[in-house]
Amino acid sequence: MNTIFSARIMKRLALTTALCTAFISAAHADDLNIKTMIPGVPQIDAESYILIDYNSGKVLAEQNADVRRDPASLTKMMTSYVIGQAMKAGKFKETDLVTIGNDAWATGNPVFKGSSLMFLKPGMQVPVSQLIRGINLQSGNDACVAMADFAAGSQDAFVGLMNSYVNALGLKNTHFQTVHGLDADGQYSSARDMALIGQALIRDVPNEYSIYKEKEFTFNGIRQLNRNGLLWDNSLNVDGIKTGHTDKAGYNLVASATEGQMRLISAVMGGRTFKGREAESKKLLTWGFRFFETVNPLKVGKEFASEPVWFGDSDRASLGVDKDVYLTIPRGRMKDLKASYVLNSSELHAPLQKNQVVGTINFQLDGKTIEQRPLVVLQEIPEGNFFGKIIDYIKLMFHHWFG
């Protein structure tokens, strides 16, 4: 029997193992059910860090994740994202040739002294595909300048595009002043924002992201290894993303790895040593995979529930979600998950539009709601004909009178 609370109706549905649930932050391990037996977050030797699940977006661990820090060459992740978006839009192709200008020549630019380079020379004609690898694998500052000039006409214009995407992605603690990440006043980011840029790279420009797993690149007879040492770690399936270092920034690393269908992204900023940033990132990723799992309980178009509809050309409405639901939960707790839904009103009246929000799905663990998603109409339901609506009106009156 339905119980009405302030014109909202709650219907409890015990879900089978097909249903799962939400996020529990590892930063609050005390809130976990004791049978989960999740130890605390490992001690991480860095100024700031974060660990998120790629699909659910849930934060599993964090410390000083919103503190603004010098990103160093993590900046190149946004450079790469802008390039990937431009190629996705058809503005240029990997086979296009880029003529290298003087501003991308290390010898003529003292700011490049001692920094990571692809070793370009003025007048060279280099395919976009090679410059991208110079950025993503070799962390070449000269390659960043060459691609910025080619893609936007100037470095300043390209930086403007970078900051436009900062706004579009909703990043709260990031602003870029350079295309390469060398120290500059007013340039900053945070561990959280860098993890979100990594998430955007994987989601929005997968062709661009696929380059990050390549372990080496040779240009003009100079062979350089990918600076992300975790690519060689056989205990993790790491396929990206980017390192960064300046004296001011310390040692930074954003890394992503998969285990089955689960993908995690870690961001470590202000690490102490070159190898230390890898060790700390590995701690986070290993801990996340060992003690959490991400499940996909509801898919777009799959009916979660159905409800009677009044005054429509259909008697019932199929209800579900308008996008796939991913939930990150303590490993082994899926069997304990339940779900319920709440309608925004006690009755559904036609017309109803496809994807119209009519309520909320609550995912529950140990009796607590730990995640929510909008409950939507899966198919449009127009108004019924005149006689059908009259009949529904009479039925509804009896329903109100006699319950």
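Numbers run from 1 along the shown chain.
Each residue, glycine too, has its Cβ placed from N, Cα and C.
Taken straight from Swiss-Prot:
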SIGNAL    1-29  signal peptide
ACT_SITE  Ser73  active site, acyl-ester intermediate
ACT_SITE  Lys76  active site, proton acceptor
ACT_SITE  Ser139  active site
BINDING   Lys242  substrate binding site
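Rounded to a whole value, the Cα-Cα separation of Ser139 (active site) and the residue listed as 'active site, proton acceptor' is 8 Å. When Cβ atoms from all protein chains are considered, those within 10 Å of the residue listed as 'active site, proton acceptor' total 27, not counting its own. Just so you know, the Cβ of Ser73 (active site, acyl-ester intermediate) picks up 25 other Cβ atoms within 10 Å once every protein chain is counted.
Note on the residue listed as 'active site': other Cβ atoms within 10 Å of its Cβ, all shown chains, come to 27. Summarising the environment of Lys242 (substrate binding site), the number of other Cβ atoms within 10 Å of its Cβ, over all protein chains shown, is 32. Taking the Cα atom of each, Lys242 (substrate binding site) and Lys76 (active site, proton acceptor) are about 8 angstrom apart.
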